[in-house]
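> Please find one structure pasted underneath; my questions will follow.
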Amino acid sequence: MSRGARRAGAGQGAAAAVQLLVTLSFLPSVVEAQVTGVLDDCLCDIDSIDNFNTFKIFPKIKKLQERDYFRYYKVNLKRPCPFWAEDGHCSIKDCHVEPCPESKIPVGIKAGSSNKYSKVANNTKELEDCEQANKLGAINSTLSNQSKEAFIDWARYDDSQDHFCELDDERSPAAQYVDLLLNPERYTGYKGSSAWRVWNSIYEENCFKPRSVYRPLNPLAPSRGEDDGESFYTWLEGLCLEKRVFYKLISGLHASINLHLCANYLLEETWGKPSWGPNMKEFKRRFDPVETKGEGPRRLKNLYFLYLIELRALSKVAPYFERSIVDLYTGNGEEDANTKTLLLNIFQDTKSFPMHFDEKSMFAGDKKGAKSLKEEFRLHFKNISRIMDCVGCDKCRLWGKLQTQGLGTALKILFSEKEIQKLPENSPSKGFQLTRQEIVALLNAFGRLSTSIRELQNFKVLLQHSR
């Protein structure tokens, strides 16, 4: 090679290095510039949410998730996929979920029914259970197993009318308690066609979208030149508020889960000891405005929108937990009292937030049309909760089920305002009930969103340090 050619090559290498440095230094400002300002379809700005979450919510919700009442979640990870033949369960060791031994479950949780909150309620419910068992005993002797299942399903039907999720039957032998602290949500290596199929089914079949409209970055979309998803967002803006909200909730949930995976990524494994931490390359692949053609910042804004929805639900459901009948019973009186105090403290913070989403703007048209749309909304989301049983990785399935159930519970709360206002102080309500499973999912799902927003702040700092 001639000396001139070497000089030219060195010059090109230096230019490339300078360009790389410029790109790296520019990236944080691009991310921050595009994930800021006032959110669409509400009057809240991202900086306010960041500050509120960092200084008020995150430290408290993290402590709450460590309490016994909220760390043990009963779930059935063996329910078959109702929509397609399963591809088989993931064999990667990090996909495995370790169920909790019976001896580790607090006695008040283990012995409790799904609707038991206090010691008094436990004793009362046990008498009711005995009476119900006696009544069913005579019937059971003449029913086939199939008929018994149908009878149980029929008995549960009325209770499910306001549910936005398909709840696991906690009485099923396949349902097990899981310690959420010992099975954290993080990157497991589960990816490829199985994982893509789940999300594709959620977006393509349940988000009120015609098949002729393609989501940005959808690998099945035909080549559209310089469109970059603009036709999708033109279509989305033309939808009614309720259907736009539905899409944003799903997109926000997807973004939140992706953030958890980026923040808790398997970095290396030496001598059988894994090291987990933030993966900058993975974060940029999923959210960088250049690599995602502007889609990443939109997804992150939807995360903030979802946070606002669940924050609003917590502020609305506070009266339910402020009643003396609700003790968050585990059998440990002192811890139960401290847990309830901490929870009520969080509710006070949620009520103090000045820029809540106004759920009354939804389903506000003529009564018949609004009722029909609300039911369609509910059934679409319920379908998504069933798709979670198609996830091949057990750990991903666990956290997918918990977070969809938490969001479904938040939606149930938002559209049960009248029933919550009529709650009796010292007795269970027939009009509005939350099971322990719903309560645990609601607070842990919001805890995941709070953590996502905190992790996003951490990634911004790491990007700045990488310049």
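All residue numbers here begin at 1 and follow the chain in the order shown.
Placed from the backbone N, Cα and C atoms, the Cβ positions cover glycine too.
Annotation source TrEMBL lists active site, nucleophile at CYS393. The active site annotation in TrEMBL covers CYS396. Annotated FAD binding site per TrEMBL: ARG186, THR188, TRP199, SER251, HIS254, ARG286, in sequence order. As annotated by TrEMBL, disulfide bond applies to CYS90-CYS95, CYS130-CYS165, CYS393-CYS396. The signal peptide annotation in TrEMBL covers 1-33.
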> Round to a whole number and give the Cα-to-Cα distance in Å for the pair HIS254 (FAD binding site) and CYS396 (active site).
12
> What's the longest C-alpha separation between any two of ARG186, THR188, TRP199, SER251, HIS254, ARG286, the listed FAD-binding residues, in angstrom?
21
> Using TRP199 (FAD binding site) as the reference point, find which of the recorded positions CYS95, CYS165, CYS393 has the shortest Cα-to-Cα distance to it.
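Spatially nearest to TRP199 (FAD binding site) by Cα position is CYS393.
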> By the count of other Cβ atoms within 10 Å, pick out the sparsest of the recorded positions CYS90, CYS95, CYS396.
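Minimum Cβ neighbour count within 10 Å, taken over the recorded positions CYS90, CYS95, CYS396, occurs at CYS95.
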> Return the residues near CYS165 (disulfide bond) by Cβ distance under 8 Å, restricted to its own chain and a separation of at least 6 in sequence.
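Residues satisfying the criterion: PHE381, LYS382, SER385, THR404, GLN405, GLY408, THR409.
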> Since the record lists THR188, SER251 as binding-site residues, which of them has the fewest other Cβ atoms within 10 Å of its Cβ?
THR188
> Which binding-site residues from the set THR188, SER251, ARG286 come within 10 angstroms of the residue listed as 'active site', judged by C-alpha positions?
THR188
> Would you mind sorting out which of CYS90, CYS95, ARG186, THR188, SER251, ARG286 (the recorded positions) have a C-alpha within 10 A of the one on CYS393 (active site, nucleophile)?
CYS90, CYS95, THR188
> Give the distance between the Cα atoms of ARG286 (FAD binding site) and CYS95 (disulfide bond), rounded to the nearest whole Å.
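Cα-Cα, rounded: 21 Å.
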> Roughly how many Å separate the Cα of ARG186 (FAD binding site) from that of CYS95 (disulfide bond), to the nearest whole number?
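ARG186 (FAD binding site) and CYS95 (disulfide bond) have their Cα atoms 10 Å apart.
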